[in-house]
Amino acid sequence: MAMSSYETCVSQLDDGLNITVQNSLLIQCLAKSIDENTGTTSDLRDGLDTFFIIYSASLVFFMQAGFAMLCAGSVRLKNVQNTMLKNLLDACGAALGFYTVGYAFAYGGQSYDGKTTFIGNANFFLIGEDDFVFWLFQFAFAATSATIVAGTLAERCQMTAYLCYSVALTGFVYPVICHSVWSYNGFLSATAKDPLFGSGMIDFAGSGVVHLTGGTTALIATKILGSRKGRFFDERGNKLRHPKPFPGHSVALQVLGSFILWFGWYGFNTGSARSIVTAAQSKIAALAATNTTLAAASGGVASLFTNLIIMERLTGEAVFNLNFAMNGCLGGLVSITSGCAVIEPWAAIITGFVAGLLYLAFSRLLVKRCIDDAVDAIPVHMINGLWGLISTGLLASPHLLEAAYGNSKHAGWFYSWGRGSGDFTLMCCQLIGILFILSWVTFLMLPFFLFLNYMGWFRSDALEEIVGLDISYHGGSHHNMNEVKPEYLEAYRKQRDEQLKNRGHNGSTTFEDAEEDGVHVSVDNVVANF
């Protein structure tokens, strides 16, 4: 019996190849076989690319689960529900915001006509847009950018403020950056008909567009919001000699979240190739997957063992810090996102290794500067997003640029020196892109968060923060919460009942009556003593 097309294609695969490469070659072989038998080349290729983008978008969206697990494991038990809901609302807010105006601002009306525009101006509410798979893929990216901030503001941010921020970022702030870098009509776009300085900014999958944007927003927000109570200052506002650690309640959830993020990153980076039906396109996707793996591994190793050496020298005891290893991996993933398709595997290792060191250095710097980042999103996403753009400007290979963008005139600076020219064009475009992202985000988000803070909509009430946002926002039970003292719960009950009475309600008795246990405290005393 004659073999089927599938069996024939499988028999031709080389078992020594990477599984990603095997899958790509299998799809190409099947496409060729069907073309020969039915002649439906265009329809088949469109179908395969559609499936590829949907699958990649699914992986990117699955990263939301990774962020949720990482954030939930990094906060104290009394704030888990609140953190999880914020991650869920990120996805909901991003979907609605990107559907209504975000996609239109990012890609609406784009055309390959050589015109440069600052913002898209068509396809609001997806009217007139029929490339729904592209919208899906880009929505997943927008949601990722918004979710980066969730962990940074954990345990002290009001729900209203978070909803406002999420819609603002995905509906306007992020789309303008996306348009500038990725649209055919963006002034920084490497795919434009006439790119900036003949090169344009290379950000293949979003080190700058997604991660630098989200990380910068996180830095601005946490500076205005302030640190968690008791983290760096005592009840009188005096700086503590040593910051008080607020360890997360579940290391297992943190590790699970990190692995989910790493897994989702394969959709993030390989999906940005947007097609795998030709040999050249499949090689781009395969290289992106390989570089993603190597950068994550080298970042984790660099962060873990550098910290181990430092601690051994300082204390005489070698400490294998799991958090540094996890975030080092994530930092490596962020850094490779820009150049995953245009740098060689050895360069990916260097990029990830430096990312691990940068994460370690800036994580310590944040603590020294009393900037409270519950999940270290700022050093992971902002700093390594910036480094990812710079590393691309240094290490982008000419022949890989030609394969991915069809333009190898301006390669990475190190390669330019090898050519004997010292051409700084690509690096210049990268630096301009960095300055644009930092300026745009600061210009919009700084007054936005200042306004929220001025109106009293940003930070949770002091007593709400002390008893935990699960109780104050979600009606969570106080049972089995040993980290919350009974007198704090009673003070919160009294405060809440007083607020309800002022609104015309009779109050409630959800919490046990602490007065039966002889607990008599005032709200002011609780906040001061905390």
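Backbone N, Cα and C define each Cβ position, glycine as well.
Bear in mind that TrEMBL entries carry predicted annotations, made automatically and left uncurated.
Annotated domain 'Ammonium transporter AmtB-like' per TrEMBL: 52-477, in sequence order.
According to TrEMBL, the transmembrane segment annotation covers 52-75 (among others).
According to TrEMBL, the feature transmembrane segment maps to 87-106 (among others). Same-chain residues lying 6+ beyond the ends of the transmembrane segment (87-106) with a Cβ under 8 Å from its Cβ atoms: 61, 64, 67-68, 71, 119-126, 129, 135, 138-139, 142-143, 146-147, 150, 162-163, 166-167, 170-172, 174-176, 178-179, 182-183.
Sequence-distant neighbours of the transmembrane segment (132-154) (same chain, 6+ residues past either end, Cβ-Cβ under 8 Å): 50, 53-54, 56-57, 60-61, 63-64, 67, 70-71, 74-75, 79, 82-83, 86-87, 90-91, 93-95, 97-99, 102-103, 106-107, 126, 162, 165-166, 169-170, 174-175, 178, 206, 209-211, 213-215, 217-219, 221-222, 225, 268, 271, 274, 373-375, 377-378, 381. Here TrEMBL flags 132-154 (among others) as transmembrane segment.
Per TrEMBL, the feature transmembrane segment maps to 161-184 (among others).
Marked as transmembrane segment by TrEMBL: 204-225 (among others).
According to TrEMBL, the feature transmembrane segment maps to 246-265 (among others).
Annotation comment: TrEMBL describes 285-306 (among others) as transmembrane segment.
Sequence annotations record features per position, and here TrEMBL assigns transmembrane segment to 318-337 (among others).
Outside the transmembrane segment (343-362) by six or more residues, the chain places 287, 290-292, 294-304, 306-307, 324, 327-328, 330-332, 334-336, 376, 378-380, 383-384, 387-388, 391-392, 395-397, 400, 412 with a CB less than 8 A from a CB of the stretch. For 343-362 (among others), the entry in TrEMBL reads transmembrane segment.
Residues or ranges marked as transmembrane segment in TrEMBL: 374-396 (among others). Listed by sequence, the residues of this chain that lie at least six past the ends of the transmembrane segment (374-396) yet keep a Cβ under 8 A from its Cβ atoms are 70-71, 74-75, 148-149, 151-155, 201-204, 207-208, 210-216, 218-219, 222, 228, 246, 248, 323, 327, 330-332, 334-339, 342-344, 347, 350-351, 354-355, 358-359, 361-363, 365-366, 411-415, 426-427, 429-431, 433-434.
Residues or ranges marked as transmembrane segment in TrEMBL: 424-452 (among others).
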So, does the transmembrane segment (285-306) come close enough to the transmembrane segment (318-337) to give 3+ Cβ pairs below 8 Å, pairs being at least 6 apart in sequence?
-> yes
Which sequence positions outside the transmembrane segment (285-306), separated from its termini by at least 6 residues, show Cβ-Cβ distances below 8 Å to it?
-> 18, 20-21, 24, 204-205, 262, 265-266, 268-270, 272-273, 276, 320-321, 324-333, 335-336, 339-341, 343, 345, 348-357, 359-360, 400
